[in-house]
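Student: Straight out of TrEMBL:
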REGION    A:38-106  region 'Disordered'
COMPBIAS  A:81-100  compositional bias 'Polar residues'
DOMAIN    A:194-293  domain 'BRCT'
REGION    A:297-334  region 'Disordered'
REGION    A:358-386  region 'Disordered'
ACT_SITE  A:Lys465  active site, nucleophile
Amino acid sequence: MTNGLDAKPNYLNKAFFDDLYALDNTESEDENDVNLFTIPSLARKPKAAPPQPDSATMKETEPPKTARLALSDAEGKNINAPKTASTMSTDWPTGETRNTISRDIRKDLRFTSSTPTKATNIKVHKTDPMPKVTEKVKPIDHEVGMVKTPGPKFEEVATKPKPPAHLCWNLLEEKLKRTPKSKKKAVVSRGLIERSDLFDGYHFYFIPNSVKNPVRLRAMESFHEHGACILKEWDPNWVTHILVDSSWNLDYAEVLKDLKTSSVPDHIIVVLDIYPSDCIKYRRLVDHKQFMYDVPRTPTAPASPPPLSLPQSTANFIKETPPRSYSDSSKDTGNELQAAILEAKKLPFLDDHYESSSSKELNVDSDSDESRIASPRKKAPRLRKDQTFGFQCMNKNDGTTKNNPNQRTIEILSEMGDYYARVRDEWRSMSYRKAVATLRKQTKKIWFASEARKLPNIGERLADKIEEIVQTDSLRRLEYARDEPGDAALKLFLGVYGAGLKHAQQWVAKGHTTLQDLLDKEKLSASQRIGVERHADFAQRIPREEVRHHGELVIKAALEIDGELKLEIMGSYRRGAKDCGDIDVMITKEDAGNREMRGVLDTLTTKLTAMGFLKCGLAIPRGHDDGSKWHGASQLSPELPWRRIDFLIVPWAERGAALLYFTGNDIFNRSMRLLASKKGYRLNQRGLYKDVIRGPQRQKITEGTLVEGEDEKRIFKILGVPYRPPSDRNC
DNA sequence: GATCAGCATGG
DNA sequence: CCATGC
DNA sequence: GATC
Ligand SMILES: O=c1ccn([C@H]2C[C@H](O)[C@@H](COP(=O)(O)OP(=O)(O)OP(=O)(O)O)O2)c(=O)[nH]1
Ligand SMILES: [Mg+2]
């Protein structure tokens, strides 16, 4: 009941949150609580000349995107799956833009490039070949059923009659499978589609031959629309081209391995998948023999990687590893293995249960994307793992990564995870995060896939990758991921408050490249407009000190309204971050209900606006009595940038849950909530609820009954999670 | 093959 | 309802 | 991608 709030005098806000910090003295800086509210000094003069909002970004010049295929049109509108969305990105290289967002990447951004990054026929990139025309240019008709030109075929390449349907991918069907019901209609009735007979008679077989990668699926669709058949199975009698995914950096041997063959017939062309993309781009069949389409004969990994033999790799490993590891390694391995097993045996739920799901493994497509590429590993039966293992919220996440023996592995896997997040592959990204989390917990170095595989949340694919990292000190996929063909404009637009994937894609598809374009040519929602106009401001991180100033100003104003209000700066600030993406402020009051708080919010925001502190609202409660949050922008002084600021009003009874929620981080929250739901609870910003019944699609049927909402710590306790001070919640 | 958190606000 | 954000 |  008593959580420190009740007992202590509410001088300012300190008392309110005393309990939060009382026990976490461990290593969290007292700085943020103790000192913060003692004297809300308001003398804020801008310390130094602040960096002026850089309006240059608005005028960035980029090559015109004129003559390009209309691919983007069709796809911008049709790829609707919010979390799995994708578009074609068969237009490759261009520099990647480093993004500074952290959660945003993790969340689910896919930086598609539905529009080629480079102007197609305007200028030729230095690495771009001058495509040698091996055939007449084929016209491309923009509407289905328009004039088709029979066009002569490239003589070197034998074309073939259309193969039976069952040998081909049914792309529409695959696409529908991956599209939410609500949007299927849109997929079926797609608008303008770029078509041609460019690839008529060509039968493409993809490596990896999986349709689960949405980007690849889109590429397949595109090639199909240009006349190609996309074969579902490897059959030398039908295939004319093998298209190797360039993002995989595979070498020729691996291709053969994937095909389970020792050689590919001469008449079949083996090229990188950028080849057909280029053909489309230039609207003609370019010379496939150009070096840039070659599938390398030797591994492409940097630092002279071993000949990629994962399973029996001990020999290679010894060669490739630094001297010292020679002897240790074997020991380590043995110890580690045993340790892992011993550890595993200690765990609850362990009943030596053997999983029986191995059947799917070797099947062509059933496994998740690209599965077959990863070495066909003998399936070691595997022990079941502790179920609460691998929950991020169970760990102390304070960013203490160093001194971990798996440091390098962690680095690389994290980078991969970030890459997948950027690419909007949310779940894959999450898997990488989880794997990294379990690696962090290891006290010994993981050398082999076999060891890695035994750890929670590390499956075969990641285990293989871990071994590859240890051996080669890198991961081939990452080499590609690093210079991902990100569309600069898309990334720019995704950085606009109020604009997400949908709008960004749409705008890119329309050929916009700068923020100014949006202002001039697009209908923007109110908040999007501000998001565009203030992009340069909002993109900047906020120094902790400035966050504190904003917070103190708000607190002072609030207390002038009602001295009993309790406010706290939340979010990354409470977690002790040196700089923050925005300012999060929670407001509550003893025994207040939502209604009362709502009144406070209105008067407070009105007052702060009148003061000139709040510059605008971006998302504010609709009704009169409901509503709990206020998003807007604030500014301390004219020289400083506008900052994003969020208020959360909280009924007294919900303060514990709200504290938990608003402290985050987001990953931590999701982890706690997932754990809660696995234990039959429901956790949200209002409280922890019990006896929640979930229906068919795991939808909640029963609200559940409130168990705890007042005390943050007790929520931890009930869920069986060791309490984590805010600074340890950076998952 | 389903799941990977749960909710608030704008339009 | 969907998109976007926390 | 991993898990059930
Ligand atoms: O998807 C989300 C995003 C945020 N939050 C919670 C946790 C987070 O800490 C808090 C504030 O959100 P914000 O976006 O401000 O994140 P932050 O943790 O404060 O980081 P930043 O420094 O980017 O503001 O809201 C969630 O629960 N889920
Ligand atoms: Mg924040």
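Cβ coordinates come from backbone N, Cα and C, glycine included.
I'd like these features described in context: how deep, what's nearby, how far apart.
Tutor: DSSP gives A:Lys465 (active site, nucleophile) a helix state. The Cβ of A:Lys465 (active site, nucleophile) has 25 other Cβ atoms within 10 Å, all protein chains considered.
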Student: On the 0 to 100 scale, where does the mean pLDDT of the domain 'BRCT' (A:194-293) fall?
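Tutor: Mean model confidence (pLDDT) across the domain 'BRCT' (A:194-293) is 82.
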